Amino acid sequence: MSTRWRYYNSKRGNGFRGRGRGRGRGTSLTAVALPRDDNFHKGAQDGAYFKDMPMDPEQFRDETVLSLSFAQGMLGAAYYEQSSQLLKIMNDISEDLEFRFLKRLIDDVKPTLIIANRSQDLEFIKFLTTRYDPQEKIYEDGTTEEGTSEDTVPTWDSSLAYSTDETTAEKEEKEEDEDDDDEGLPAKLNKLPNNFFRMSRAIERLKAMAGSHDSSMTEEDKYIIIKMRFDIEAVNMIRSFGALLLFLDETRMGVTDDPLSVTSPIKSIKTFTLGNLVEIDFNTIQALDILPKETENKKTFGQGRSLYQLMDKCRSTVGKKCLRKWFRNPTTDRDDLVSRQKCVHYFKQDWNAEVTAKLSSILGRVKALNSVFQKFQSGTAQLIHWECFVSTVNALVEILNIIRQTPISKEFPVESDLLREVSEIAVIAGSIINFAESKIQGRVTVMNGIDEELDEIRDTYENMPMVLTAIAKQEEARLGLPPYSNVACVYIPLVGFVLSVPRDYGVESQPDMTLLYSTHEDLRVRNATTSRLDDEFGDILMRLIDSQTAIILTLKTRVMKKKRSIIKLLSIASRIDVLISFGLIAAQNGWNCPALVDEPVIEAVELYHPISVLVVKKSFVPNQVSSGRDGIKASIITGPNACGKSVYMKSIGIMVFLSHIGSFVPARHAKIGIVDRIVTRMFTVDSVLDGMSTFAKDVEQVALALRKATGNSLVIIDEFGKGTMTEVGLSLLASVMTYWMNRGADRCPHIFLSSHFHALPNYIPLETNIATFLTFTVLREAGGKIKYLFRMTPGLVDCSFALSVAKEEGIPPPVIGRACRIYKALKAGTLLKEIKAEVSNDNEKQLVEDMDVVLADEDGFMAAVESFVKRKKTSFCESSMRNVSEEIEKERSEASTPASKSRSTITARSNSVLSSRSMASVDQLSVLDALLPKKKKKKVTGSSMESSMSPDPFQEEDEGTEGEEDQISAPVSRPTLPSVQKYASEEEKQQSINSRHSFSTRTAIHIPTPIQMGEAGGVKRPRSTSTSSPGPSASKSVRTEVFKKTPNVKESQVLETPKQLSISSFLEPKFPSSEKDVISRVSERYLQSDPFKTPISDRRSQQSSRHSTPKNRSMNQSLIQSARDTPHETIRSSNEVNPEFFNIFNFPDDSILKSQDTYDPNVTPRSSSRRELRPDVSHSQNSQFGEVFSELGTQFSIFNSQQSFPGNSMGTTNPDCSIFDDFFANSQDGEKKIDSTKTSMPIVNSDNFIFKTPEPRSSEKQRSLLKNKGQASNSSISPSSLILGQLAFGDVDQTPRPRGDNPIEFQYDVVDDDDPIFEEKNCSAPVFEFLKSNDDEEDDEFLKSFLETEGSLHIDTSADETIDRSKRS
């Protein structure tokens, strides 16, 4: 190979190695010794240079090139095997300056060639050079023995930077390492320039490789492929990977005979993990909150805390570094993990607290010595470095002496000789350096008694002041100067001895005196005396410093010889610090030791999240975990939103991680098999710079799990597939699970999957007996509020309670109501595109103007009726009572006026039913109220008002007014069916703006009296206060006839019911066609419809009476009078009218237009998620009184939602209304609080009439009734019913439960061994039993037929296959 390559370059005229960029120019590999460069040892003589010479088989070998990159304490690598043409990469791992993992990596790979960046850490280069390239020397000026290097960064010189003793020791260690290696040639080191390892160049090379098979790919596409296939966060791995590819391109390894366009063959790229390490990527670290974020504030106050911050109780710097290293590199070495667990157990015990506290105190004095050793090496160590060294070494010795006396001494093996040597170094350093004097002198000084010569010099220097004073006196006398003339002999370092004389002294007169310099006070001169002192003492201070420096250098040399021993003790101390931290955390939080086993199982009892338990405001609920037992390794978790699925799965991941770093786990008991990697799809790191969508990142993480997960891996997936279409997400998730489950229990990883795709069990192979289903228990409190218990239980649910979560988070009720209706439509099988849209109040004006067309279009009218029946709103408009007092007086005066004036007033009222203010409270409007148009106020005469009236389809035609009726019914031709639907839905947006204690004029019930029998019927008040007018007129002849048939009724009594709307009191618009046609159309439409209904009662309305004042009560009495005499009630109060007359439309039993003539005190009407309210219609108990009030029992009325309103058992024709006197008398007290569960109204029976509020099913009476009727059973939670129970209520506490049930949790039957589902699929799903009723058989048939049908990809919200299993068995 090398022959062809050299031959090619020589023919080009390039004398340098490698492919040149032109004649006479080399490449960046000029200074690199390429492999087998000795093939041309014979040179070019005899033409051998240009001939193909056979290679010596002994010299030939396949190359294994290892590329290394080390920076910021992280090591990345990649290597290429020429024999197999495989390229393998290793993600970044944490590495210290001992390079233990680097040694293990080289031993495992056994490379023949190592390439490294010569500009990286000097310790890294030194480690490689001393072992794999000891001959080559790189000097500090950037030159080598072969010439000048292209790299201008100063690099390390092993011969100059270290002492001879240390170099010899390293050479000996290298020889020992070589002896341990297998047979074969040693690896050769090539130091490449820094541009080979640049990140940008590596990315470009990877892009070129990714787009080699498709030239049409853009740069963005190539980058996305790289992002999805490689971990870009592993910077050192990417750098080494790119450098390796560039090196292969430069050397053309394996393709020397091919054209230049051919690159080195790479069959596959794989990721490898260093032995005994658990692979964990960056996304998993972030998802499980293992390490803190780089930008995270230190003061988190419990929010955003990481596991590392929780576990960091280390007292030393080396301990913190060791803890981070363990977190970066969890191990699979079971012996090492068991050893750590023993130490943690020892430090956790209370009886070892004294030893633990002592060790922690000493560890606080241990410092990192890497920088200290560098200062020692460069000779720039100062006093602070020596203090740090001596303090640390003494602390290390003390710690090891304590550990050797404990039962865990075997876990920290230290040779006695090594400990003795380090102890000697500490003693020697402490006894040589005088730290007290050094602080005064500002330099390192040596103690007395270390060196005799040094002691003599020090004594001489200390006695020098007395000597110089005596000499100064002698010179003063010799020079003839007067006493006290300031003559002095001075010693100046580096200058010597000088004589100081007064300035007026004549230096020129003395021939042996030389002037050196002068000051403003004296002259400094030299003479024979100073020269004699220089000869005798010399520069004594410098001699003293030099002597001390020589001793310190000797001490430094001896310390550096013991550097490795000291570093080893530092490593032991760091491990002790981390294990003490683990023990303190375990004792503080009550963690326990996990049992490490070889079998692939993950089991735990009372497991909880260690971080969430610290920040949660209430007690945390632990759960159990089981995976791998009996071959079940896939746990599919479903349940409501915000029930704790993600926290549960994170707890599992953290438990497994903690067990692989030797820590205790937050569980009572745990059994964990060793895992080789932890892969998650929980956390998505979004960035606008990477060009990838959120779903693409999710797919990237799942793809990583599919590529790397083995039978001993842990895979955690949280709601994968939610970032795209439901069908596509479900398909991908089902395919991923099928892929793993088909591999079998041995090769399938431990999978913990949470999803809201409730149809997932239908698309995975349950027959493999690998999957199990889990869910969380919830309670339904009063008012339909969901209470999460966060308790795991086996089972599978088909609802997520997303609407409840949305309500709790403040989503407006109209939005939730619309979502609930869409959900019910989808659950009923309606396609999403078939669900009609709804509009807001923005186009209300236009819709009101078009309402006349509705009554002309019968189909549109029927569709509007259906839309109204499905509405579930119960709020009231407080503003409707502002002008009610004036309207009442006006209506009373109009009651005795001629019929023509009454009709005109009623006509004016009907035009203003849906005013702007009445639209703010459209809760429980009657069907025709919702359809009547809203007209602007106009000051017109009665005839003009009548001309604009819309037809009344239920109006009883009077012979005397027939002509007038025909005159005002002018149908409009253009259709407005879409507007009808929008208008009906638009009313529901105003459900929550009404006051809690508002009054409704529709809550009044008027009992006819003899006085009123001959008078005109009362009118029903509109909701609006802005436009108020009398109600619709009825046939005077019919009303008079009915009144005459009830002569025994006493004076009018006003009945005020709890605040509850009776929807049966409708206005009566006229149809543009005949009455029979209308009746047949309504009957046919309602017989075909089967709306989903949930009976709801407004408990707040039952307390409205206590807020009423005498004035309001009088107004309510008038309203009751006005709301009573509608044509429907008139028909029912007549003896001549057939009791079945009002039911002639044949509406469904739960329709609000059908009279409820049945009362069964033992049956509580209800609804489920799949069926409407179906009361048993029977006329055996019907009575005339029941006929009058039966229409009050609607789906929104208390008389039908919980308890039907009974008729008079005596069958009397004219009921005595005096029975209500006591009730109305009690309601006068405005401050009296009415309990919703106590008697607040009379209901008619054989003895007396008592109106009673509905009793919840939790009461003893209801329980006994259900028991007698055989209806007591478990209840399933209907999400739609649950949400509808809260839509219109501002106060949750006062909201009744939609179905009157006790707060329940999910109930599951015991698994039946004979059940074919469990026998074949082994899926532990829950059993939701519906409340038993006469319609259960119908529902069972529906469920069976639904489950037998072929599944589709649309949203599947049906119950799972195990529903009602007890009945089948």
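Placed from the backbone N, Cα and C atoms, the Cβ positions cover glycine too.
Going by Swiss-Prot, these are the annotated features:
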type	residues	note
REGION	138-190	region 'Disordered'
COMPBIAS	173-184	compositional bias 'Acidic residues'
BINDING	G639, P640, N641, A642, C643, G644, K645, S646	ATP binding site
REGION	880-915	region 'Disordered'
COMPBIAS	884-894	compositional bias 'Basic and acidic residues'
COMPBIAS	895-915	compositional bias 'Polar residues'
REGION	935-1135	region 'Disordered'
COMPBIAS	941-950	compositional bias 'Polar residues'
COMPBIAS	954-967	compositional bias 'Acidic residues'
COMPBIAS	991-1003	compositional bias 'Polar residues'
COMPBIAS	1024-1037	compositional bias 'Low complexity'
COMPBIAS	1049-1065	compositional bias 'Polar residues'
COMPBIAS	1073-1084	compositional bias 'Basic and acidic residues'
COMPBIAS	1111-1124	compositional bias 'Polar residues'
COMPBIAS	1153-1167	compositional bias 'Polar residues'
REGION	1153-1182	region 'Disordered'
REGION	1248-1278	region 'Disordered'
COMPBIAS	1254-1263	compositional bias 'Basic and acidic residues'
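Location within the structure of each feature annotated in Swiss-Prot.
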| residue | record | Cβ contacts under 8 Å, 6 or more apart |
| --- | --- | --- |
| G639 | ATP binding site | K645, S754, T775, F776, V778, V797, S800 |
| P640 | ATP binding site | F776, V778, I786, Y788, V797, C799, S800, F801, A802, S804, V805 |
| N641 | ATP binding site | H756, S800, F801, A802, S804, V805 |
| A642 | ATP binding site | Y788, V805 |
| C643 | ATP binding site | F776, V778, Y788, F790 |
| G644 | ATP binding site | V621, F776, Y788, F790 |
| S646 | ATP binding site | M682, D718, S754 |
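Sitting within 8 Å of the Cβ centre of G639, P640, N641, A642, C643, G644, K645, S646, and not among those site residues for ATP, are the Cβ atoms of S754, F776, Y788.
DSSP classifies S646 (ATP binding site) as helix under the three-state reduction. The local packing around K645 (ATP binding site), expressed as other Cβ atoms within 10 Å of its Cβ over all shown chains, amounts to 25.
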